[in-house]
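**Student:** Following this message is one structure expressed as structure tokens.
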Amino acid sequence: MLTFNKTIWAKIKDSFRLPPNQIVSLVDTSHLDSPVLLEKHNLADDTLVKIDPQKDTIHIKTLSLEPHFPIFTMTIGMFNIFMLIALYIAEEGTVITSETWIKMGCKYVPCMKPLYSKTEQEIFNIKLKSQCQSFLFPYQFFRFFTPIFLHGDITHLLSNLIYQVLAGTLLEGKYGKITLGISYILFGFSANIMSSLCNPKTISVGASGAVYGLLFLCIIDNTLRLFTITNIHDKIIQFFIMLLVIPYFILSLFFYVDSTGHADHAAHIGGAVMGTLVAMYLCNMPGFVTTRISNGEKQIRLLALISIIGYFVITLLIFYLFIPVHLK
């Protein structure tokens, strides 16, 4: 058990005025009755403090909610715009054919695994190799990722960009560009795996599956934060944020529901599932959840990590071993 005198707590408090991710030396550690590493403290709700008595240091990490420039969110948005322009240039117009989408890297299962029968392979492989491009054919694993950056038209792109920018900006301010970037790729990967399992005969493009992951992560994060905030003033502010943000994002989920057959609902489900699992790993859980089991927060994060890995292993095994591909 670690104990802290007023000098040490004053040092911690003063360190909050420094820029994020600073290391502050302790003035006195003689009062510490054991050299145990106190791994993490949640102070001021969005500030993590790691105290290492063996090295006489305090590591301060601020999960800043102050205005910032969302580097990853803006970069990925600009890249999506660039890719749509590239599609228009390749097509020499604004009507994009399936042939162009396939060449540019859309989700198309016959490019991602061999056809089921030898007869079909002999008949179609030459044409498929020309359609899909020869690189890594017929195991073009990259098609689980590249559809995230392709869109059908300007309307399709804008509908994704609006929600992507709103949710991405909120999340990037708290978790940072690297964490958000990894999460975004996981959302899109999961979405395209689920689409490949459920719709192996269709082509698919768009970031809506990844956006679903962002929306679910944002909703869960803001909901849980209401329970983890201890300051009553901050709790009231968060409550009003929820009144504004959560209903808007829930409405956005219904915006993506389409009965015409053009929307890839399997991809949306895949993104939502991964968004929920990533939220379990990233978000601070309320005390009434973590106190029920020993090391509750660590156990929940470990469970989430195992679930994420297990999800990808199982779905990829099903895709490559049990989903037949036919062109007839």
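One-based numbering along the chain as shown.
In case you wondered, yes, glycine gets a Cβ from its N, Cα and C as well.
Quick caveat, the model's predicted, so the values are computed rather than measured.
Pasting the relevant annotations from TrEMBL:
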- 140-284: domain 'Peptidase S54 rhomboid' (DOMAIN)
- 69-90: transmembrane segment (TRANSMEM)
- 144-166: transmembrane segment (TRANSMEM)
- 178-197: transmembrane segment (TRANSMEM)
- 203-224: transmembrane segment (TRANSMEM)
- 236-257: transmembrane segment (TRANSMEM)
- 269-290: transmembrane segment (TRANSMEM)
- 302-323: transmembrane segment (TRANSMEM)
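Describe the structural context of each listed feature in the structure shown, including burial, neighbouring residues and relevant distances.
**Tutor:** Note on the domain 'Peptidase S54 rhomboid' (140-284): mean pLDDT across this stretch is 88.
Under 8 Å from some Cβ of the transmembrane segment (144-166) lie the Cβ atoms of residues 70, 73-74, 76-77, 79-81, 83-84, 87, 94, 96, 101, 104-107, 112, 184-185, 188-189, 191-193, 196, 204-211, 214-215, 248-249, 252, 255, all in the same chain and six or more residues away from its ends.
Beyond the ends of the transmembrane segment (178-197), by six or more residues, the same chain brings 72-73, 76, 107, 109, 112, 143-145, 147-148, 168, 171-172, 204, 207-214, 217, 264, 266-271, 273-275, 278, 282, 308, 311-312, 315-316, 318-319, 323 to within a C-beta distance below 8 angstroms of the stretch.
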**Student:** I need to check the long-range neighbours of the transmembrane segment (69-90): which residues 6 or more away from its ends have a CB within less than 8 Å of a CB in the stretch?
**Tutor:** 96, 100-101, 103-104, 149-151, 153-154, 157, 160-161, 164-165, 168-169, 172-173, 177-178, 180-181, 184, 207
**Student:** For the domain 'Peptidase S54 rhomboid' (140-284), how many residues does DSSP put in helix, in strand and in coil?
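**Tutor:** Across the domain 'Peptidase S54 rhomboid' (140-284), DSSP assigns the residues as follows: 115 helix, 1 strand, 29 coil.
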